[in-house]
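Heads up: the structure comes next, in structure tokens.
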Amino acid sequence: MDSYALLVAATLSAGTVLALASLGLLVNEKAGIVNLGAEGMMLCAAIAGFATVVHTGNDWLGFAAGMAAGAVLAAAFGALTIWLNTNQYATGLALSLFGAGFSAFVGIGYVQEKLPPRPQFSVPVLGDTPLLGPALFQQHPLVYFAIALAAWLIWFLYRSRAGLVLRSVGESPSSAHALGYPVRWIRLAAVIAGGALCGLAGAYLSVIYTPLWIEGMVAGKGWIALALTTFGTWRPARVLLGAYLFGGVTMLQFHLQGTGIDVPSQFLTMLPYLATILVLALISRNPAWIRVNMPASLGKPFYPGS
Amino acid sequence: MDLKKRSMLKLGTLSALAAAAAVVGCSKTEAPAPTAAAPAASAAAPAPKAEPLKVAFAYVGPVGDGGWTFAHDNGRKAVEKEFGDKIKTSFVENVPESADAERVLRDMVGQGNKLVFGTTFGYMEPMLKVAKDHADVKFEHATGYKSAENLRAYDSRTYEGAYMAGVVAGKMTKTNTLGVVGSIPIPEVVRNINSFTLGAQSVNPKVKTKVVWVGDWFNPPKETEAATSLINGGADVLMQNTDSSAVLQTAEKMGKRAFGWDSDMSSYGPKAHLGSAVINWAPYYVSTVREALEGKWKTSPTKLWWGVKEGAIDFVSPAADVPDETKKRLDEIKAGLKDGSFVIWKGPIADNAGKEVLAKDKAADDAFLGGINFYVKGVEGKVPGGDKK
């Protein structure tokens, strides 16, 4: 049984990268903007965070640097798509490619760098309980932050006035505009918040999860996070579930391989994608729900006054 | 050696987001414009007498990958250092294993390179094609098995390093459970896993090895997850045949032990690191360039497979707590591999179903080693796809 507690611990840790990024993208998309640049933002944030920790030795400064890197790139993306009305999909892809190249360029000198010894965390008292302690209460604070963030987003999006305004901007920007809300600025704020969270995910990856920097190390997690927002039908709780599900099935398939079961590893490699899509699709099998949850103006440009 | 190397360029496809990934995939083929980068420092001034020999390297990944391509580029630098202004080297990074490879190779020839190294398995066919059209240019292909009048294949016996790591692992494990993070289940990698296990069994018959495949040469997050699950499954010493140092760092984080692979990774995990099984391409590159300079280069029907004997493979930086007798044993193995008195793959060897694959006192030849698709006794599970033959 002990190994299952460890499996849970690993799942929480593995799902956190995806959870942070996909919750950020959720905020983004609730405002009606699709940012396909997640992978690029995460890569830039990964090197920004890693380099900062190499030089300062402070993980929290590293997270801040990662968030700043993500926010700056997102702001550039926002300026292009919201004011210059460039195509969101093309601009996002360009951002991904730029981020991959730029992070590699900036990161050349950091390929063989290493971080100071990584800290261990444990919640007092609870962390010492047998079985559950190691699984649930000896995680990095950002793991709990991701869960808290999802909870807060549920309240923010559906119970607060600011959240209502944010959603209205994604549903019907012209109505929000007519009501006097600064649609473009609200969208920009959402895009920057999304970028900062993707940045936090990237920095968590390079500073805590896989403490190293190598070109292209995000290895597709940004794309998975993008998929999770859609398959989670833009609901914070489902997106969080999807992130853990993906992390969990990934860990489970390694676990199964390690126990020497007789299933082709190629099949197991496919399993996390399949299982996540399947479960999330089943949860939201009513197509009407997806339509209801999907921001009506997602991906559509908004020209005030036209 | 099959599928070699580096699906780095396909990182995007991993995402399973067909559309988005496809765009990443094809843009990657465009992004690194094949401009010959990094002019040789020493070649700035025009050579007064003889024209320098122009040598080009095509890399599948970025020089900054810290693993495979990084090691090749160290070899290139060694060549520059050795021959100074007698040669002029250049390289192109991120050359995909596709039609673009041929374009880049032709471009290299067009720029006057007379010796061209292609450092990944997937360049084999393009190199054969280009070689046929340019008889005056010498081609060198890493990890391939085909040759021509002006094309030669070369490779490294990485399994010798894996064996030596195994000797250390067998001594240092407390749970008698070793873990290996595998990349792609091809004979080369399976051979390394087996050799690692054979090395461990030579000092500790009780060890067993668990294997987890990540299906990628380079994917640090997945390598981390695989290493975590092996440790959770009871393994306390890890080995990997993937490109990053993620496995070593996971061991460091979780208080277990692990090895470096391809290059010396001791600095990545000072507490966890038990030693590194490294490839040194420099001796081969230096010797090949010397042959070319002296007009002695000639092709070979079989690939030139270099190991400890030629200085291409080594086990370096053993940890301080590795017992002296084990360190001495490593020296004996190295000496034995050098003078040919020690053979790693020598019978009796049985696969993990109990079938004898190598009879007593029979040494495996290179053809046998090149086609290994079974686990030896002590490795748990089954080689993915190992049944079909």
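Cβ coordinates come from backbone N, Cα and C, glycine included.
Model, not experiment: these values are computed from the prediction.
As written in TrEMBL, here are the features:
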type     : residues  : note
TRANSMEM : A:6-26    : transmembrane segment
TRANSMEM : A:33-54   : transmembrane segment
TRANSMEM : A:60-84   : transmembrane segment
TRANSMEM : A:91-111  : transmembrane segment
TRANSMEM : A:141-158 : transmembrane segment
TRANSMEM : A:185-206 : transmembrane segment
TRANSMEM : A:212-232 : transmembrane segment
TRANSMEM : A:239-257 : transmembrane segment
TRANSMEM : A:263-283 : transmembrane segment
(Q) Taking contact to mean 3 or more CB pairs closer than 8 A (sequence separation of 6 or more), are the transmembrane segment (A:185-206) and the transmembrane segment (A:91-111) in contact? (A) no
Q: Determine which residues of the chain contact the transmembrane segment (A:33-54) at the Cβ level, with the cut-off under 8 Å and only residues 6 or more beyond its ends counted.
A: 21, 25, 61-70, 73-74, 77-78, 81-82, 88-89, 91-100, 102-104, 106-107, 110, 113-116, 170, 187, 190-191, 194-195, 198-207, 212-213, 216-218, 220-223, 225-226, 298-299
(Q) Considering only Cβ pairs within less than 8 angstroms, which of the stretches A:6-26, A:60-84, A:91-111, A:212-232, A:239-257 has the most against the transmembrane segment (A:263-283)? (A) A:239-257
Q.
Out of A:6-26, A:60-84, A:91-111, A:239-257, what stretch is closest in contact terms to the transmembrane segment (A:212-232), meaning most Cβ pairs under 8 angstroms?
A. A:6-26
Q: Between the transmembrane segment (A:6-26) and the stretches A:60-84, A:91-111, A:239-257, work out which stretch tops the count of Cβ pairs under 8 Å.
A: A:239-257
